[in-house]
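This report concerns only the one structure given below.
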């Protein structure tokens, strides 16, 4: 359910490179031309453009972009142009180095990517930063957050449909008992959330709801100001309803007096090739306003045009 629109007849890679080079040269940058090319190419096509551009002009495409544009528009174009695993590695590095308890970026990456995708993120992190994501998270995150996030981003979950019903029942009971005793950082809670397959977790959460009469996240709202509880809820929402999780991130990013451009850019660039259409539908249902209109009302200029292109607006 991607929103990315790619032309039915895509020009040769060499033509795209030539047009991008023209966009960067001369007295002024042709931002519209940059958007018309890069915002309408999929990951494999963007990868081919980066490779051919470097071979042809002896300069990394990302360097040319950085030299010619700036601000929120630059960040959106750079993040979008990166390979998905490399993009996630960059985002993970930013948040690991400047980590704070309110950050959910590592949770998003760990819980909404497949096992092979998350493994590719860790490989891209090695290549780009010459160390592991796990060691950076362990170095900068503390306490129960470190205890939770290190195994979360290290996971390689089984992705099959099989479910152990007896295990779902027993682990729902364990989760309930630990939550009732406010043992939120208990090893058992962390083991369940960081090792079980998505299908197994959904069965466990469904049994929790059936057995105790309400969703598990309701019991994790005992203290609305507790960021660790908020992180546990985010993990569960990312597995149960990622479209609604991302809708809320976008809604909060554009609500109020100022716009959280980093969050808005992150969600649109990471989900445009995945499920942004579902997120748009969730946004429309929740707010009775098309997401494109909300984004247009809170952004401007080339940044606005880039985001709207990725949202699929013609």
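Just so you know, the numbers here start at 1 and follow the chain as drawn.
Yeah, the Cβs are placed from backbone N, Cα and C, and that goes for glycine too.
Straight from TrEMBL, the features:
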type: BINDING; residues: 24, 26, 28, 68, 254, 258, 296, 299, 304; note: Ca(2+) 1 binding site
type: BINDING; residues: 298; note: Ca(2+) 3 binding site
Position of peak Cβ density within 10 Å, selected from the binding-site residues 254, 296: 254
Spatial neighbours of the residue listed as 'Ca(2+) 3 binding site', counting only the binding-site residues 24, 28, 254, 304 and Cα distances within 10 Å: 254, 304
All-chain count of other Cβ atoms within 10 Å of the residue listed as 'Ca(2+) 3 binding site': 17
In the chain carrying residue 304 (Ca(2+) 1 binding site), residues 6 or more apart in sequence that have Cβ under 8 angstroms from it: 295, 296
